[in-house]
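Let me begin by presenting the structure, written as structure tokens, before commenting on it.
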Amino acid sequence: MFAVNGSTFLNNSLSGVPRVFPRSTQRVAAPSVVVAAVSSNGRPGDRNVSVLMENTSKEVVESATSSSSPSVIDKDAKSTVGGGVQDVYGEDSATEDMHITPWTVTVASGYQLLRDPHYNKGLAFTEKERDAHFLRGLLPPGIVSQEIQVKKMMHNMRQYQVPLQRYMAMMDLQERNERLFYKLLIENVEELLPVVYTPTVGEACQKYGSIFRQPQGLFISLKEKGRILEVLKNWPEKKIQVIVVTDGERILGLGDLGCQGMGIPVGKLSLYSALGGIRPSACLPVTIDVGTNNETLLEDEFYIGLRRRRATGQEYSELLHEFMSAVKQNYGEKVLIQFEDFANHNAFDLLAKYGTSHLVFNDDIEGTASVVLAGLIAALKLVGGTLAEHRFLFLGAGEAGTGIAELIALEISKQTGAPLEETRKKIWLVDSKGLIVSSRMESLQHFKRPWAHEHEPINNLADSVKSIKPTVLIGSSGAGRTFTKEIVESMSSFNEKPIILALSNPTSQSECTAEEAYKWSEVYFCQWEPIYPD
């Protein structure tokens, strides 16, 4: 209970949405309101600043009631605005160099409630809720259930012919009515998953600067170095359980998209909520902006990130270390940090560096591998044999390729009891320079070296297939149309039922289509997504 202008109000709630006063009432400074509304550095809950503002408010009230002091309202005489609206707060007489801190409260009702995506239900508010939350007149009189709203939204969604338009419509819905967004996604996941994530999210990231409307996560750049903990506290939700973070250097199969990679953490966490049941308020998308080496973006007038070349070495490491430390300090050591779409040279290092001190996970290395291994085990029911009886050849030796290969080797070792070094010899990788063999050891990146086996050098995939004669061919290169007719026919010539996994993403970068594989092999084929380039 608190008072404003001599009136007493109750801070009661219905369905978890407290009542609040109109903005004009909030801005007439009363001590009890200011304590609830004003905060340090624009954040609610700072005791010292609240007291300071309370004292200031008292002075304003006393000044306004004193005959010897001019009233706050007296500023209206100097207003240059005509009409009946009074300049109570001196905004019209303010200069550009004066800082104006917006006052707000942490509850929502009335018009503000309809602008709060966490609680807004649109026309689904009942008669009782409309009375309790001051919504009368702010909505049409009809009550439309969420079921009908879902039906209407799907009808509207299907009118769009361009996938990016559907993506933008879904993001707009998420920003104004979160409940409806997730209901729509959960009930139509097969149709909408390719819209909110791959492949459409790839195009959205490429054009993110042009379609950007509302921030949906935290942007932490080199400008915030030394202040990252403060930046994390700017996020309104305090009980974060999952963070998906990217530096945008290797977005899907599209390369360096810099700050515009934010679409990936946002889309990934939307699926975690819709399909995994994690509360949206417990999820935090983060983009670490250290610049970009994409010249097209640097010259794009609509680009929203830092216009500089990527930071590397110590400058990069220090920023990431500050971020990791600040996350642990602010949210505790149980928060899950998922590294997403980092370039190879950083992805493996970050996972190794923070694997023992933080709860970390790399989807490209570990998540993709678990899904592919599950698929291979399922495929064995059709093709027969055990994992140890198969030979594997990968096109692509990046995070995804080496991550999948390592998990397959670990599973074979577990099943057979053979040393890991021996089980790795059943797995061969081809990168941009050809088959990875021991004679290339000195020039290989550290994560490729375990896969350098004794063999004569081969510089292309087609000859590698003919020489290795794999039973399983896996594409994780991000290079489209690389599983040619010749390669698929070769696989079919020495395998009754070859397993071909064309995994690269987005769809335009897939090694082959399902139709091509069926046509060329006339045998068993699997196609899953997503995988990214090496």
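Every residue number used here counts from 1 along the chain in the order it is shown.
Glycine residues also receive a Cβ, built from the backbone N, Cα and C atoms like all the rest.
What TrEMBL records for 174-355 is domain 'Malic enzyme N-terminal'. Looking just at the domain 'Malic enzyme N-terminal' (174-355), the mean pLDDT is 95.
Cβ-based neighbour count (10 Å, all protein chains) for Tyr197 (active site, proton donor) stands at 22. Positions annotated as active site, proton donor by TrEMBL: Tyr197.
Feature annotation from TrEMBL assigns (S)-malate binding site to Arg250, Asn505. All protein chains included, Arg250 ((S)-malate binding site) registers 27 other Cβ atoms within 10 Å of its own Cβ.
Taken from TrEMBL, the feature active site, proton acceptor applies to Lys268. Residues near Lys268 (active site, proton acceptor) in space but far in sequence (CB under 8 A, at least 6 apart, same chain), listed by position: Tyr197, Val244, Pro285, Gln338, Glu340, Asp363.
Residues or ranges marked as divalent metal cation binding site in TrEMBL: Glu340, Asp341, Asp364. Around Asp341 (divalent metal cation binding site), a 10 Å sphere centred on its CB holds 26 further CB atoms from the protein chains shown.
The domain 'Malic enzyme NAD-binding' annotation in TrEMBL covers 365-534.
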Number of other Cβ atoms within 10 Å of the Cβ of Asn505 ((S)-malate binding site) across all protein chains: 25
